[in-house]
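The active site, proton acceptor annotation in TrEMBL covers H232. The NADP(+) binding site annotation in TrEMBL covers R44, K140. The substrate binding site annotation in TrEMBL covers H170, K174, E208, D227, K328. Residues or ranges marked as domain 'Glucose-6-phosphate dehydrogenase NAD-binding' in TrEMBL: 7-179. As annotated by TrEMBL, domain 'Glucose-6-phosphate dehydrogenase C-terminal' applies to 182-464.
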Amino acid sequence: MQSFDFILFGATGDLAMRKIFPSLYQAYIDGFLPPIGKMIATGRSSLSTEQFIEKLNNNSKIHIKNCDDKKWEEFIHNINYLSINLNETKDFDLLKGKIDNKSQNIVIYFSISPEFFIKACENLTLVGLNDDRVKIILEKPLGMDLKSCQAINNEIAKYYKEKQIYRIDHYLGKESIQNLLILRAFNPIFTSLWEKEHVDYVEISVFETLGVEGRGEFYDNTGALRDMIQNHILQILSLVAMKIPKKLDAESIRSAKLSLLKSLKPLSDEDIKNNVIRAQYDKSGEFKSYLAEDNIKENSQTETFVAIKAELLDDNWKGVPFYIRTGKRMADSFAQIIVYFKNKEDLNSSPNKLIIRLQPENQISLNLKVKKIGKTMDYEENNLILNLNSTLAMQPYERLILDVIEGNQASFNHKEELETAWAWVDPILKNWQENKTPLYYYIAGSWGPKEAFDLIRRDKHEWHNC
Ligand code: BG6
């Protein structure tokens, strides 16, 4: 294994505490982490390494299941904290001085707001931290729209080559999402059924019971469309519908996803009016309304729920609706893909469906009709269920950081994928900014606004809510 240095910008932030450090620790425990040269945590706060370690002990360790105190001590022993002002080149000189110059691999993780990416890249380059040993990880959201995403991509390209840039989408590191590729690529039964001749429609839902959880300021400027649809859900959609490439390497997978994203049918204002629902949660019982959460602007119009009927212009999928939806403060937390197969025989039977449950459980089930036991020819619905839950499943951030160290970009977004996704989302953002379509409301803890049900019922379908 090659040795590596790890530099984290945004080390005192929520993501670092909840996910990044626990994942690095897990990689260390699992024996996957190469010998660490230096692990440098940076942030704006002026803290000593001891104070930072105390923060980690209080705020990060609690996110590790069955943490082994001795191993944790060993792990944190490698961490140094450095307070950095991203605008000050001299701070980057100090940073350079702290890394191990003999490392073959330097991973720099930007867990900071994208507005700071460019300055940080410029300063890293000024101190020579951009040679081929360096790989940078960029957290989402990359920009607020197509223009800002392109600006970031173009500026960063001045300092780093595309093969050094890892745009992270943690959904791509989930076991169940990675399995989707295997399921599609190595089961010929699905390959032949996976297109418009046989598929009636597809539903993709990602629901959370949580609200904005102390992230009010970020969320209010972001909203569900940017936070979940532009990245996670469009990535899931592209993995569901892309053509399976001949080789499953990074270049082929990324280019198959890109072609699929390019085939998303652009949405006119008329389409948005008919096929895109935005809504915000209102109070109910124990739950506050979104507007009453901390750090939310008065009368904010930010959406916490989105449902869209999307279509693809791709030959394989023309005419097949993809109903996608996401929401916070919903009745239940789950992520699932459901493929509804066509019923071509006129036996008055409901369609077969394949349910790919991504979370909380990793499960695939095929819904079938079977004969009721006994002296009857009546049938009932039953499920062929494959449970893929395992305690060995790796957490997404652990897997993805290890992929970066190995130089495997298969589960990271190419810049064109993100730009194409923004190009599709932009007209919706514009339409909403111009208030051309209403913001609806739903009761916190419910299944969403009535209008989202109307959207799918219009086509004589129902959302699968469990
Ligand atoms: C993040 C969003 O990218 O994904 C959050 O910013 C959301 O708002 C989270 O809660 C959901 O991730 P997961 O893995 O819990 O489904």
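Using N, Cα and C of the backbone, Cβ positions are placed for all residues, glycine too.
The Cβ of E208 (substrate binding site) lies under 8 Å from the Cβ of G327, K328, R329, M330, S333, each of which sits 6+ residues away along the same chain.
Using a 10 Å radius centred on the Cβ of the residue listed as 'active site, proton acceptor' and all shown protein chains, the other Cβ atoms total 21. Our reading of the substrate binding annotation (H170, K174, E208, D227, K328) yields a largest Cα to Cα distance of 20 angstrom.
Least packed by the Cβ count within 10 Å, out of the binding-site residues R44, K140, H170, K174, is R44. Taking the C-alpha positions, the distance from H232 (active site, proton acceptor) to R44 (NADP(+) binding site) comes to 29 Å.
If you draw a 10 Å sphere around the CB of K328 (substrate binding site), it holds 23 other CB atoms from the protein chains shown.
Here K140 (NADP(+) binding site) is positioned 9 angstrom away from H170 (substrate binding site), judged by their C-alpha atoms. Averaged over the domain 'Glucose-6-phosphate dehydrogenase C-terminal' (182-464), the predicted model has a pLDDT of 95. Of the recorded residues, K140 (NADP(+) binding site) and D227 (substrate binding site) place their C-alpha atoms 8 Å from one another. Contact annotation for binding-site residues (R44, K174, D227, K328) versus ligand 1: D227, each with CB under 6 Å from a ligand atom. A 10 Å cutoff on Cβ-Cβ distances gives D227 (substrate binding site) a total of 22 other Cβ atoms nearby, all chains included. In the three-state DSSP classification, D227 (substrate binding site) falls within a helix.
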